[in-house]
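Visitor: As annotated in TrEMBL:
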- A:14-206: domain 'ABC transmembrane type-1' (DOMAIN)
- A:313-500: domain 'ABC transmembrane type-1' (DOMAIN)
- A:12-36: transmembrane segment (TRANSMEM)
- A:48-73: transmembrane segment (TRANSMEM)
- A:79-102: transmembrane segment (TRANSMEM)
- A:185-208: transmembrane segment (TRANSMEM)
- A:269-289: transmembrane segment (TRANSMEM)
- A:309-332: transmembrane segment (TRANSMEM)
- A:344-367: transmembrane segment (TRANSMEM)
- A:379-402: transmembrane segment (TRANSMEM)
- A:423-445: transmembrane segment (TRANSMEM)
- A:481-503: transmembrane segment (TRANSMEM)
Amino acid sequence: MDVLATVTVSFLAVLVSFLRMAAALIVSVLFSIVVGTAAGVNKSFEKVAVPVLDILQSIPILGFFPVAIQVFYAASPMFGAELAAIFLIFTSQVWNITFAVYESTRFIQPELLDVANSMRMSAFERFRHIYLPACLPRIVRNFQPSWANGMFFIVGAEILSFGDVELKLFGVGTLVSEFAVAGDLLGIVTVLLILVAATIMVNVLLFIPLGTMFETAGPPSPGLLRRFAFIKKLAKPFQTTLATPVISFFEYQRSVSGLVNKVSVLGSLVRNLIFLILIGFLATLAITRGNEFFGSLYQTLGRVGVDNLLSSAVFSFVRVMGAVGFSVAWSIPAAVAIARRPQLSTAVTTVFQVVASIPVTIVYPLFAETLKDQPELRAFVMILAATQWYVFFQVLAGLKNIPRSELEVADMLQLKTWTRIRMVYLPRALPALITGCITAAGGAWNGLVVAERLVLGDLVAETNLPGLGKLLSQLTYAGDLLGSVSVLIVMSSIVVLMNRFFWKKLYDMVASKLKIE
Amino acid sequence: MDDAILKVVDVSHSYYTKKGAVLEVIKNMSFDVKYGEFLGIVGQSGSGKTTLLKIMAGLIKPLSGKVLYKGKPVTGPTPAISLVFQEPVLFPWLTVLENVVLALKRVENISKDEMIVKAQSFLDMVGLSGFENSYPGELSGGMKQRVVLARALVTNPDVLLMDEPFSNLDPLTAISLRREIDMLRQHETLPPTSVVLVSHNVEEIVELSDRVLVLTSRPAQVTGEIVIDMAKPRDRRTPRFYEYVDAIFTLMS
């Protein structure tokens, strides 16, 4: 392939992948507005929807492979592959947006609803003038993290296989894997450059202005943004002027950790089990049409092996905690260093958010040769990519939210740098740090499915040591539905148990120590 | 040497609003704080009083003009000038004692034990013995403001600046705290030499001040000065008291 052809095909691949991402994002927003508003308005729907959302968001993308293939591909082989891919991207973008909508419609001032009642507003008017404006600001702020999350798993969405069915769609993921298999370094670099440029453009031209749109009620912004002014107009009643700039990753955090807080521990464990077992086994029953169902169940457990599951869980656990620990170790000093310098922190935030949207899975082929003999290091770097930003942005947000008066007192008392960090910054950053870790750990568990075993078409990179992500990936690509369901159950149970018995406990301990609510 | 411990010389300050407009808060302000005096500064809400105090404390750099402490320019916070904010700001994760000790960390040649003894004695002075190990969240508003006062005084400042310290307290607590500040002032040996109290509450100002400066609203400028020649403690119900109050109101409007 000559250079021009490489550039053209790379450009097209990025374009096609971005269109897929955009389509999934639009579907995510529509889904979120419908489901989120319904959950926010209707109490009985809320009781069902919130726990289900909590389960769904804890399932890594591979868990949706069977659904994507059985539902979309089976329904229409012609468009099915495309729909399946969009569906998979959707599953990695949607949950934080849905929860943001739910939360913003659920906690609308009751007075406002009283007024709506007294004015006899119709359901549509209510939606148009109250619910929609209430949730729009948080929807647009969730775009950026959702996009970043979708890009992280784009390879999985574009090259999906389940047993005998293998679908390969034209896009960045596929193209990079082809270049990687062919050893075409120039090709990889070309795709990456175009992808990075496109990511920067989407962020700078769209997400960042959209995210900051609701911050100030100034005159309409120039250029492209004016076209989106209708969003701002729609949300007019809920516009607030925020003192600190919004960090969209923080929004994501708020959505996900909010979700975690809504569900009780035992409840969510039990529901997780029931839900996964039910869906998993029902799906299996449907697929196998009941043939030798129980036989295959028995076989599965024998094949996967309980000891295998447990040792995989232990190794994955160590990887996840290692990544979280590493993120904490660099996030605190970095955030402390920039938090009090507004211009620097705005710049760093912008750069980091863009960097976070560049999928490490696509960058990997560039370093495939170097990292070939270091599978654990590769896995670690990839988990880190799915982890560290949440910790960093959360700590930064925590530091930025330190009350002004406390900083003035610190100035007044001429606290030396170390005393200031120890007595003022760290206590204020700690609760934020823990919520950051919760989301980060959740992201890390989801990220394991590509980190421990990255499938880039014919290029497969996996860790030598066992891991749940590796196991899930192997079973899923081999088409072993029961096997993947059992791994999913183990994985999501660990996440729930960790949230409840470690992170939540830690948070409560810190909160009581710091005398904060 | 003149009789001013703190001199505000031709200070002006403005803020930029979000739309980029310039908001003049203080304009060409000059006045002295004399040795040993209790100076009251009264002005309407939003007249830049807080900004003025922060400039005097070295927390904010004025756009033009300067503040001189004993003849030397104030370039940043110093233990010699303490500021009590309107809200009692204490760190909730530190005990009352630790909050006060925090102010002593900048003092050189003082051991940890000495710090604790000193902080303790100032907590006793503001009537908080027995609360050393409580956390701010367990204290009432008035008690918190006392802790703040102890923290402001523990470094033996020459000048104590107070920004409406009574405005967030319930009336009874405010009365007793005012009394205590008055009593502390009677102590010959105790710091601070001079006190500056900023408030929009005219009665409060008249009750405590030796001299009162009246400010115009934004941009703040000194429009008048009244020396209050009454023995302390002052009774608010005397006609003399109200003559001063009226005089100040006349200057304010």
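Note: Cβ is positioned from N, Cα and C throughout, glycine not excepted.
Unlike curated entries, TrEMBL annotations are predicted automatically.
Owing to the predicted nature of the structure, the values given are computational and were not obtained by experimental measurement.
Context for these features, please: burial, neighbours, distances.
Guide: For the transmembrane segment (A:185-208), the list of distant contacts is 1, 3, 6-7, 10-11, 13-14, 18, 143-144, 147, 151, 172, 175-176, 178-179, 224, 248, 350, 353-354, 357-358, 362-363, 365-366: same-chain residues at least six beyond its ends, Cβ to Cβ under 8 Å.
Same-chain neighbours of the transmembrane segment (A:309-332): 379-380, 383-384, 386-388, 390-392, 395-396, 426, 429, 433, 436-437, 440-441, 444-445, 448, 451-452, 465-471, 486-487, 490-491, 494, counting only residues six or more beyond its ends whose CB sits under 8 Å from a CB of the stretch.
Non-local neighbours of the transmembrane segment (A:344-367) in the same chain are 144, 147-148, 151-155, 172-173, 176-177, 179-180, 185, 188-189, 191-192, 195-196, 199-200, 202-204, 207-208, 245, 247-249, 338, 378, 381-382, 385-386, 389, 392-393, 396, 400, 450, 454, 456, 459, 461; each lies 6+ residues outside the stretch with a CB under 8 Å from one of its CB atoms.
For the transmembrane segment (A:379-402), the list of distant contacts is 148, 152, 244, 247, 249-250, 252-253, 319-320, 322-324, 326-328, 330-332, 334-336, 338-340, 345, 349, 352-353, 356, 360-361, 364, 371, 424-425, 428-433, 435-437, 439-441, 443-444, 446-448, 450-452, 454, 463, 467: same-chain residues at least six beyond its ends, Cβ to Cβ under 8 Å.
Residues 57-58, 60, 149, 252-253, 256-257, 260, 316, 319-321, 323-324, 327-328, 331-332, 335-336, 339, 383, 386-388, 390-395, 397-399, 401-402, 406-407, 410, 415, 491, 494-495, 498-499, 503, 506-507, 510-511, 514, 516 of the same chain lie 6+ residues outside the transmembrane segment (A:423-445) yet bring a C-beta within less than 8 angstroms of a C-beta in it.
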Visitor: Flag the pair the transmembrane segment (A:481-503) / the transmembrane segment (A:12-36) as in contact if three or more Cβ pairs fall under 8 Å (sequence separation 6 or more).
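Guide: Result for the transmembrane segment (A:481-503) with the transmembrane segment (A:12-36) is no.
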Visitor: Mind checking which residues reach the transmembrane segment (A:79-102)? Cβ under 8 Å, same chain, six or more beyond either end.
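Guide: Sequence-distant neighbours of the transmembrane segment (A:79-102): 20-21, 23-25, 27-29, 31-33, 35-37, 39-40, 46, 49-50, 53, 56-57, 59, 61, 64-65, 67-69, 71-73, 135, 138-139, 141-142, 145-147, 149-150, 152-154, 156-158, 160, 167, 169, 171, 251-252, 254-256, 258-259, 446.
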